[in-house]
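Asker: Pasting a structure here, questions to come.
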Amino acid sequence: MAERLHGNWIRLYLEENTSEVLFNLGTKVRRQYLDALRTLSLSLSRQVAQYDIYSMLVGTVMVLEVLTLLLLSIPQALSSKAELEIPLWSPVFSLLFYLMFLVLSALHVIVCTSAESSCYFCGLSWLTAGGVMVLISALLCAVVSALAKMFASGKLLSKNPAHPNSRWSELDVVILLGTMGHVLSLGASSFIEEEHQTWYFLVNTLCLALCHEIYRNCFLGDDCEPRRCSHRERGFVNTAPALQDGSIGHDELEPHRASKSPTSLNTLRGWEKWMAMASPWVILTCCRLLRSLNQTGVQWAHRPDLGHWLTSSDHKAELSVLAALSLIMIFALVQRRCSLTSKVAMALGLLGVYCYRAAIGNVLFPWQRDSKDISKGLIEARFVHVFVLGILFTGTKDLLKSQVIAADFTIKTVGLWEIYSGLVLLAALLFRPHNLPVLVFSLLIQTIMTKFIWKPLRHDAAEITVMHYWFGQAFFYFQGNSNNIATVDISAGFVGLDTYVEVPAVFLTAFATFAGPVLWASHLVSFLSSETSSGSALSHACFCYALICSFPVSAYIILVTSLRYHLFIWSVFSPKLLYEGMHILITAAICVFFTAMDQTNTKS
């Protein structure tokens, strides 16, 4: 219509018609064009903001059902037996299951036959869609069954009053408030862009809480003994089992307890006690130095940092010295619990890491004066890969041997540590030279907390798991990562590869990106396996790790669904969702490893 009126106006104008008819027709043409533009704009906005609501709701319901099952299973999973049974097969014989399946099937048919636009869930085969609906119905029945058991056991609570000494410590309150605060911060785009600030704050607050706990134990002495006893009798999330079963003993509620008599701060003497008192401040100093290494986020990403200074061509000598010292420190911190073969492999592997970085021109050899000998470094990188695979194979062999030789518990401990050291060597290879101090400080903090905090204070498995998770998330950002896809280091996927090979490149890139959480989680498995005699410690840690990872992801999925029309949905919220999706996959792999080690511990 606008084009036709415009043609009429042009004909009148060419006829040199200057009457009022030409003016009125021009006004009408302009109004018609504006109406057309509004119609086009509205149509485009509707197409851009067109979401597959049905598929999003199906996924959100499944996630919420799994999270509800985890929350309802807290008393059962963190009891002394550490058993977690989710009945998915028994609901098949219940009436509620069939009713839910029929309702969901009818809803699926109605939506898929009446939807005007394409829907991903409707595009699946009927067999796959039916399997999803069966799973949703079974999860719902399992939730109802868990609720029924909880209400039935609620009658027992009145007969067994709470233990008078059981209470929440200051550290438990910090952990709970920190977790809830982080989840609530995910609803704001600015907090997602600067999420590293949240984790830096939480880690610093955790160090201060640990400092308060250490000083209270050191200076109050015997007056603090009842508090420490009650602290050992309960944990962050295992208060509920203590309430339900008043007959649970002290040893059963202490999954962190070592095979020998656990130490306390009162037994530390001399420099060990002073180191225990100084350890939180040393950790805070390390975290502050790491913050200056890589500026991340959005607001301060443009500011110069120590990483930019080291990677400039004018400071290659300083970077070379720092990389060499970092590799020496990595060997010193890792080799103490490795076998002789793994120590030699670790030393040669770290030497190969430096040779690889020198071959591609990142660092200098003492005798290298120019960059004429720069190559791709394929031989050096593959040389390191061989030692990584060798150390991992040695650790796996020891773990398999521990399943056969039940009496030798040391073999399993050494095997787990060698797997951890193999991952450390791989991270040293994939990290850029200026990021090697991040790996050094990670190992140093783990060593300090193991010797001077977790062992003397005898924290339970739940608290230790949360601490590992928090530090793992903080070190994710210490590496220079953010919730922006642009910060992913793609070059890590080509280390040792001449051409692009999809599977190794994806694995190397994912490991280099999430090296912080993976290394801290693997250290958690090694620590709990070597320091505990109770078989429930790893089960408690696995459940707590899965819960503390699932809760933010579930909440974020709901937030993203509700904020899908937000201005920054594609630039801020969507990349964060991709990171969370990859993180939950890595968490699932970690929990599988937890479960495998727990089965090994059960057999031994």
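Note: Cβ is positioned from N, Cα and C throughout, glycine not excepted.
Note: TrEMBL annotation is automatic and uncurated.
Pulled these from TrEMBL:
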TRANSMEM  53-74  transmembrane segment
TRANSMEM  86-111  transmembrane segment
TRANSMEM  123-152  transmembrane segment
DOMAIN    272-580  domain 'GPI ethanolamine phosphate transferase 2 C-terminal'
TRANSMEM  317-334  transmembrane segment
TRANSMEM  346-365  transmembrane segment
TRANSMEM  414-431  transmembrane segment
TRANSMEM  505-530  transmembrane segment
TRANSMEM  542-565  transmembrane segment
TRANSMEM  577-597  transmembrane segment
Asker: Same chain only, please: residues at least 6 beyond the ends of the transmembrane segment (542-565) with a C-beta under 8 Å from a C-beta of the stretch. Say none if there are none.
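Answerer: Sequence-distant neighbours of the transmembrane segment (542-565): 49, 51, 56-57, 59-60, 63-64, 66-67, 70-71, 73-74, 77-78, 82, 84, 179, 182-183, 186-187, 236-237, 461-462, 465-466, 468-469, 521, 524, 573-574, 576-577, 580, 583-584, 587, 590-591, 594-595, 598.
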Asker: How about the transmembrane segment (505-530) with the transmembrane segment (577-597) - do they touch, taking at least 3 C-beta pairs under 8 Å (6 or more apart in sequence) as contact?
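Answerer: Contact between the transmembrane segment (577-597) and the transmembrane segment (505-530): present, because at least 3 Cβ pairs are under 8 Å.
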Asker: Same-chain Cβ contacts of the transmembrane segment (577-597) under 8 Å, 6 or more residues past its ends?
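Answerer: Distant Cβ neighbours of the transmembrane segment (577-597) are 399, 416, 483, 485, 510, 513-514, 517-518, 521-522, 525, 529, 538, 541-542, 545-546, 549-550, 552-553, 556-557, 560.
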